[in-house]
Amino acid sequence: MLGVLLCWCLGASVLLYVLYSWLIPAAVQFNGSLALLWHDVIVERALDSLTRSTRPQRLLKAVKQHATRGDPQSVISAIDHFCRHREWAMNVGDEKGCILDSVVSELNPEKVLELGTYCGYSTVRIARLLPPGARLITLEFNPDYAVIARQVIAWAGIEDKVQLVEGASEDWIPRMKEHFGIETFDLVFLDHWKDHYLPDTKLMEGCGLLRKGTVLLADNVICPGVPDYLEYVRNSRSYKSCYFKSHLEYTRAEDGLEKSVFLG
């Protein structure tokens, strides 16, 4: 009887491992909503409970173990490897990250605003490409994420270009000119709460933070999606927009970036 029970437990354990490691991840690869539910809710909560740590903490540990201090590219590579082979995380990711890189390199901005820091992955991607003297202000609402992001930014050695600010975007955007001495931004990367994309864009317009030629680059416009934002920038005479088709980070589900040039 004991042998039967042990065999049953072993078989059940193997089945659960196969489901967790291969079958379910493979099944949700092409469906963005299911991928987010599986990776960003079910798996994250389970691992948080089992390890008594958070996903950002586990990501930071991987950076410190596998990335070279002071080497931004090695930090990016370490995070990408962690997210593809160990634990998914909602960074912009390697595929869309290349699109972000191309926009930053083409624009060569001196003043950049990032809305939504998370663990600092896109912050590092952007900052490593900025010219000398350039400035990147990144806003993060979640203080726990900000603690991790500061350490990732420091490990990458880009503190001289980055200023991380904790708080809500709607509170900080009106204070940008007075608090940071910023007149306008050359590039704004939107990757925070999706229902904030449109109101924050209108708030930046109203506060005079956008000049003719300012580029707004918005992530996750398909998955989870920002239909109200897309309708606005694609139909407004104040913007010229184009869509870069790609995939939700570290999956094969469709997602993309929307690049919108402010026309004044």
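The backbone N, Cα and C atoms fix where each Cβ goes, glycine too.
Among the features that Swiss-Prot reports, signal peptide is placed at 1-29, with the record citing sequence analysis.
The N-linked glycosylation site annotation in Swiss-Prot covers ASN31. Within 10 Å of the Cβ of ASN31 (N-linked glycosylation site) there are 17 other Cβ atoms, across all protein chains. Secondary structure at ASN31 (N-linked glycosylation site), as computed by DSSP, is coil.
Secondary structure from DSSP puts ASP191 (S-adenosyl-L-methionine binding site) in coil. Taken from Swiss-Prot, the feature S-adenosyl-L-methionine binding site applies to VAL92, SER122, GLU140, ASP191, supported by sequence analysis.
ASN220 (Mg(2+) binding site): 25 other CB atoms within 10 A of its CB, across all protein chains. If you look up Swiss-Prot, you'll see ASP191, ASP219, ASN220 marked as Mg(2+) binding site.
Here Swiss-Prot flags LYS194, ASN220, GLU249 as substrate binding site.
Note on proximity: among SER122, GLU140, ASN220, the binding-site residues of the record, the Cα nearest LYS194 (substrate binding site) is that of ASN220.
In the three-state DSSP scheme, GLU140 (S-adenosyl-L-methionine binding site) is classed as strand.
The binding-site residues examined here are GLU140, LYS194, ASP219; by Cβ neighbour count within 10 Å, the least packed of them is LYS194. All protein chains shown were included, and the count of other CB atoms within 10 Å of the CB of VAL92 (S-adenosyl-L-methionine binding site) stands at 25. The shortest Cα-Cα distance from GLU249 (substrate binding site) to any of the binding-site residues (VAL92, SER122, ASN220) is found for VAL92. Cβ neighbours within 10 Å of ASP191 (S-adenosyl-L-methionine binding site), excluding its own Cβ and spanning all shown chains: 25.
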